[in-house]
Amino acid sequence: MSGRDNRGAGGGGGGHQPLSNAMGKLKEKLTRVGDELGYHRVESNLSTSNTATSLDTILPEDPFLFPQVSPQRHPQTVRTQRLLEDEPPLSFRPLLEDDDINEPPTQQPHRSPLRASGSLELTPLPPPPTSLEIREHRDRQQRGAQGDELQRSKQSLKGSRVSFERRDTGNSNTNNNKAAESSDEDSFEEKRTGFQQQKATSVDHKGILKDLKHILANDNRRQFQAKKHVSLDVKGTRFLQDLLKESSSEEEFHKTRREFQGRKHQSLDPRVTFKLDKVLQGSSTDSDEEGEDAEHKRLIHRPKDITKPVIIDLKDLESESDEDFLTSRQHFQQQRSISTDSRKSRRLYEMDEMGNKRGENIRHAVPFVRQITEDGKPKLEVYRPTTNPIFIWTQVLAALSVSLGSLVVGFVSAYTSPALVSMTDRNITSFEVTQDAGSWVGGIMPLAGLAGGIAGGPLIEYLGRRNTILATAVPFIVSSLLIACAVNVAMVLCGRFLAGFCVGIASLSLPVYLGETVQPEVRGTLGLLPTAFGNIGILLCFVAGSFMNWSMLAFLGAALPVPFLILMFLIPETPRWFVSRGREERARKALSWLRGKEADVEPELKGLMRSQADADRQATQNTMLELLKRNNLKPLSISLGLMFFQQLSGINAVIFYTVQIFKDAGSTIDGNICTIIVGVVNFLATFIGIVLIDRAGRKILLYVSNIAMILTLFVLGGFFYCKAHGPDVSNLGWLPLTCFVIYILGFSLGFGPIPWLMMGEILPAKIRGSAASVATAFNWSCTFVVTKTFQDLTVAMGAHGAFWLFGAICFVGLFFVIIYVPETQGKTLEDIERKMMGRVRRMSSVANIKPLSFNM
């Protein structure tokens, strides 16, 4: 130990010589190897005066291979204490272009902590990394580089977005010109989509608002809102007057507004905006100032009673006129900008696209606001454009003509109620009318109506709706004159049979004509007229019968068809019948008369032709055999059941023999007055039923109707029973009238209109025509049975027995409604047919048409 220490601490010469020789050999070896490999050697600072020697090498490229060296220092020196000559060299790197060969080391060599004692510290290199560690290290480096690249891409994208927004908004006029000159709409749409995607990713709302305000040449926010919301938001128009004051002229304001609208429509829809941009250029580059002023005044001073819709097709937007641009912009606004519901706006646009392909516009478009009036102030006039303006007067004339025929039908139906009283009076009548003959006078009319209903179907197909109705006017007159001039019962029966035959034809043809001529928008209102006029005819017969005998009343009945006959000559045949006969030009003329000469009837005409073609394809030769199929029997049975319980409730017995019933009841109120009261209630109850039928539901009203009729019929039966066999009921003379009023109200709410309505709802479209004829014929058959047998029932069972029988039938009808009748309120015909039959067919043209019913 002391020897080694003495050597280590010894003086200069002897102890250092072997070390110097070894280091010299090592240096030469490293130099030779480096020259062979093409590496640059950095001069080492070999000091013979120190106990340790340094070799300076440059930091290699990959710091992972030499973790003891920090990668932030370049170039760096690495001190290696190696003394053995057979040790491998430490580190070299290739010579770089920017390396300075003569550059001295920037850091002092690392001295061994044993330097003072003259000893050397041997520090071996760490073991070289495995291939797996090298691969993982390089993967981490690659991911780090990708992350840096992604961050730089985000920064670049943000800068590009801001630059793109400013270019697209600030230089919108240039972009519009380029878009208008280019015919490649796909490129325009791609540009718009990219702009929207970049704009949607932005969270810098203040920057977007600033760019939008930059569009308006640095206008303040109030002006921006005023221009943006003009003709879109009614509230925004209050800024219009202030905006006009700030503009030097109205022309300048309109020019600025049009330019703004054109820019604002940018990137909303390329197919429309692409062409609006062209129109904008044409409208804003008009060099003729006088022509522009005249055109502007013509646009501003528009008529106040604008009712004709603006019909615009995309192909018409190529026009360069200011008027075309203005109307195009309005049409575009009403589809997109008024509604705040984006889904609704898209649906409106899709509807319009479909309509343009078919040559049609939206029937119910969104209302839009006329922008300014003559004095520049906002005028909030809203109108709703449709496919065709409703030219109401011709349709009212058609409905009135048909309704006068309905009035005649009502008068004829109620004739026997007041007429039989005077007809059976030998002091008034020159011939005798027995009780059996009287029952035939009342019952033959429904029997003839059955025959007329069967014959009416083929007649309206071969002669036409109008001609068939017109053909009934003269027989109505003849039948009334035959009754008025009768000298025996046979003439009265002939007149009643002829009148009943005409009633059967009219009850089928009148609603068909009305349904095929009136537009859907007013069909509900005008469709009420025939029923109302029919009840007016009943009331007129009751009132006139109070003052006239049967002969004079028949003369009045002969006069009623005259205005009906005259008006029927003024109206045309239905367009649908002309289409079914292949007379397209006649159908076009009929539509022009009904819809107005200025209306576009081509879309409706094409719809009629398509509907007729579908009906022809679905038509079969054996339509009556279709009724016997299992799927069709259920709806047909329900319809026939409703007709049965409607007539077996005794309504026509009450209507036909009202005066006689009150006379037999011994009421304290005059029988004729009671009859008039019943007629008034019957007339008013029609409107009550129409109001409630779509609110309360069909089945609820049928329940109420059944219960009301059951109670009143049993009370009436009890009254007549007490009058014939029991205590004195003279002080209850008001009871029959009260029961009749409640009975009529109950019938009119439910079993009066609903069987006819549900007949059109539940019958399948394929058999609707033939099934409706069967149901109508069955209804007339039941009417004949009731009216013919009522007086026989009163003789055989007494009045109380007849009313109790009708009440019992109504009680059974209540359970029929509960078990079998479906609820059809608020359901489409397709849904009802799907539920009833499991399939859906195209609904026919008379889906909502029902034969006339005025409580018969």
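Every residue gets a Cβ built from N, Cα and C, even glycine.
Features of the protein shown, as given by Swiss-Prot:
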- 69-80: compositional bias 'Polar residues' (COMPBIAS)
- 170-180: compositional bias 'Polar residues' (COMPBIAS)
- 329-340: compositional bias 'Polar residues' (COMPBIAS)
- Ser247: phosphoserine (MOD_RES)
- Ser248: phosphoserine (MOD_RES)
- Ser249: phosphoserine (MOD_RES)
- Ser319: phosphoserine (MOD_RES)
- Ser321: phosphoserine (MOD_RES)
- Ser844: phosphoserine (MOD_RES)
- Ser845: phosphoserine (MOD_RES)
- 1-27: region 'Disordered' (REGION)
- 62-202: region 'Disordered' (REGION)
- 326-345: region 'Disordered' (REGION)
- 1-389: topological domain 'Cytoplasmic' (TOPO_DOM)
- 411-439: topological domain 'Extracellular' (TOPO_DOM)
- 461-472: topological domain 'Cytoplasmic' (TOPO_DOM)
- 518-527: topological domain 'Cytoplasmic' (TOPO_DOM)
- 573-635: topological domain 'Cytoplasmic' (TOPO_DOM)
- 657-672: topological domain 'Extracellular' (TOPO_DOM)
- 694-699: topological domain 'Cytoplasmic' (TOPO_DOM)
- 721-739: topological domain 'Extracellular' (TOPO_DOM)
- 761-766: topological domain 'Cytoplasmic' (TOPO_DOM)
- 788-800: topological domain 'Extracellular' (TOPO_DOM)
- 822-856: topological domain 'Cytoplasmic' (TOPO_DOM)
- 390-410: transmembrane segment (TRANSMEM)
- 440-460: transmembrane segment (TRANSMEM)
- 473-493: transmembrane segment (TRANSMEM)
- 497-517: transmembrane segment (TRANSMEM)
- 528-548: transmembrane segment (TRANSMEM)
- 552-572: transmembrane segment (TRANSMEM)
- 636-656: transmembrane segment (TRANSMEM)
- 673-693: transmembrane segment (TRANSMEM)
- 700-720: transmembrane segment (TRANSMEM)
- 740-760: transmembrane segment (TRANSMEM)
- 767-787: transmembrane segment (TRANSMEM)
- 801-821: transmembrane segment (TRANSMEM)
Checklist entry - Per the definition of 3+ C-beta pairs under 8 A with sequence separation of 6 or more, do the transmembrane segment (700-720) and the transmembrane segment (801-821) touch? => result yes
Next on the checklist: Tell me if the transmembrane segment (801-821) touches the transmembrane segment (473-493). I count contact as 3 or more CB pairs below 8 A, with pairs 6 or more residues apart.
Outcome noted: no
Checklist entry - Which residues of the same chain, at least 6 past either end of the transmembrane segment (390-410), have a Cβ under 8 Å from a Cβ in it? => result 469, 472-473, 476, 503, 506-507, 510, 513-514, 517-519, 521-522, 526-527, 529-538, 540-541, 557, 560-561, 563-564, 567-568, 570-571, 593-596, 599, 852, 854
Checklist entry - Can we call the transmembrane segment (528-548) and the transmembrane segment (673-693) in contact, meaning three or more C-beta pairs below 8 angstroms at a sequence separation of 6+? => result yes
Item to check | In contact by Cβ distance (the transmembrane segment (497-517), the transmembrane segment (636-656); 3 or more pairs under 8 Å) | outcome: no
Checklist entry - For the transmembrane segment (440-460), which stretch among 673-693, 740-760, 767-787, 801-821 has the most Cβ pairs under 8 A? => result 767-787
Item to check | Per-state residue totals over the topological domain 'Cytoplasmic' (461-472) - DSSP helix, strand, coil | outcome: 10 helix, 0 strand, 2 coil
Item to check | Taken over the topological domain 'Extracellular' (657-672), the model's mean pLDDT | outcome: 71
Checklist entry - Using DSSP, how many residues of the topological domain 'Cytoplasmic' (761-766) fall into helix, strand and coil, respectively? => result 4 helix, 0 strand, 2 coil
Item to check | Residues of the parent chain within Cβ reach of the topological domain 'Extracellular' (788-800), under 8 Å, 6 or more residues beyond its termini | outcome: 435, 438-440, 442-443, 446-447, 650, 653, 656-657, 661, 664, 716-721, 724
